[in-house]
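**Student:** Dropping the structure in here first, questions after.
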Amino acid sequence: MLFDALLVLSFGGPEGPDQVMPFLENVTRGRGIPRERLASVAEHYLHFGGVSPINGINRALIGEIEAELGARGETLPVYFGNRNWDPYVEDAVTAMRDDGVRRAAVFATSAWGGYSSCTQYNEDIARGRAAAGDSAPQLVKLRHYFDHPLLVEMFAESIGVAAQSLPADLRDEARLLFTAHSIPVAADDRHGPNLYSRQVAYATRLVAAAAGYSEFDQVWQSRSGPPRIPWLEPDIGDHVAALAERGTKAVIICPIGFVADHIEVVWDLDSEVREQAADLGIAMARARTPNADRRYARLALDLVDELRGDRDPLRVAGVDPAPGCGYSVDGTTCADSPRCVARITG
């Protein structure tokens, strides 16, 4: 399959104080979230001047993708679109149409299956094509990449760097925690079932092994919504408190669920969890996310090559890449058929 463009598709984020509330209203539209709750979340962004890191990181990533294309001797225009803020996906697809693009690969800045991590990006693609009208380019989403060797390598390396930042006498006893964004249990059950949580669990095992850890914990973070609705657990804050009770003196936190420093990383982890850990007498080191690492750019182009048929899928050994599963080469599939469920649980 040939492509004449690449679309980097992401979540979006505000880039100034006056954009914070409109952005949050976009994110929560139709969910009935009280405005006072939005105002509370807005304070997290305002702590950083109303600027989310994500757009700047994505622009830097696009720069790395373009540089990598040049290093490979390839020419492929790269476009940028978001779900919730400027530049919107509708504008990006319309620009591609106006530039004469006929078929584009779509690289979503999410490594996972499930609804918000995959299906919603397919909905974004459909919305973008609808906005561009009858002459809209064909858009093909690239696969989930939770098991790509470069993603595993980047996270494993970042764990080692984080460990070295701890006091020398605490490094060997530090507990390694992998964290990802929690979602409602019912939502996880509907997609796969449990494709998202299974992929996170599998990637956690891959990265831990690559980093040289046989013992670690997988936790969840950033839940929202009414307490009566069950979300994936354990919550990272509850788990850190439990570790303190057991006498743990240091933790290394790897935000494996995030490919970039979203506000959930720089606020929820670097501010809230770090403050909690300090209050409990626990030293904390946070592993970096891929952000705009050149290897992340290479990963994106590897996926394009896979879909073009130029190379076999790159996966860490242990995952069956059978077509039709949520982790097939064509990333439009966001949940498994029943025959696929057992393939990433062993």
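Glycine is no exception: its Cβ is also placed from the backbone N, Cα and C atoms.
Features from Swiss-Prot:
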- S52, Y121: Fe-coproporphyrin III binding site (BINDING)
- H181, E264: Fe(2+) binding site (BINDING)
**Student:** What is the interatomic distance between the Cα atoms of H181 (Fe(2+) binding site) and Y121 (Fe-coproporphyrin III binding site), given in whole Å?
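**Tutor:** With the alpha carbons as reference points, the distance is 16 Å.
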**Student:** Going by DSSP, is H181 (Fe(2+) binding site) part of a helix, a strand, or coil?
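**Tutor:** Its secondary structure by DSSP: strand.
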**Student:** Taking DSSP three-state, what's E264 (Fe(2+) binding site) in: helix, strand or coil?
**Tutor:** helix
**Student:** Cα-Cα, whole number of Å: Y121 (Fe-coproporphyrin III binding site) versus E264 (Fe(2+) binding site)?
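**Tutor:** Their Cα atoms are separated by 19 Å.
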**Student:** Using the alpha carbons only, what distance in Å do you get between E264 (Fe(2+) binding site) and S52 (Fe-coproporphyrin III binding site) once rounded?
**Tutor:** 10
**Student:** Could you tally the C-beta atoms, other than its own, that fall within 10 angstroms of the C-beta of E264 (Fe(2+) binding site)?
**Tutor:** 17
**Student:** Across all chains shown, how many C-beta atoms besides its own are within 10 angstroms of the C-beta of S52 (Fe-coproporphyrin III binding site)?
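**Tutor:** Around the Cβ of S52 (Fe-coproporphyrin III binding site), 25 other Cβ atoms lie within 10 Å.
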**Student:** Counting every protein chain present, what is the number of Cβ atoms, excluding its own, within 10 Å of the Cβ of H181 (Fe(2+) binding site)?
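**Tutor:** By my count, 23.
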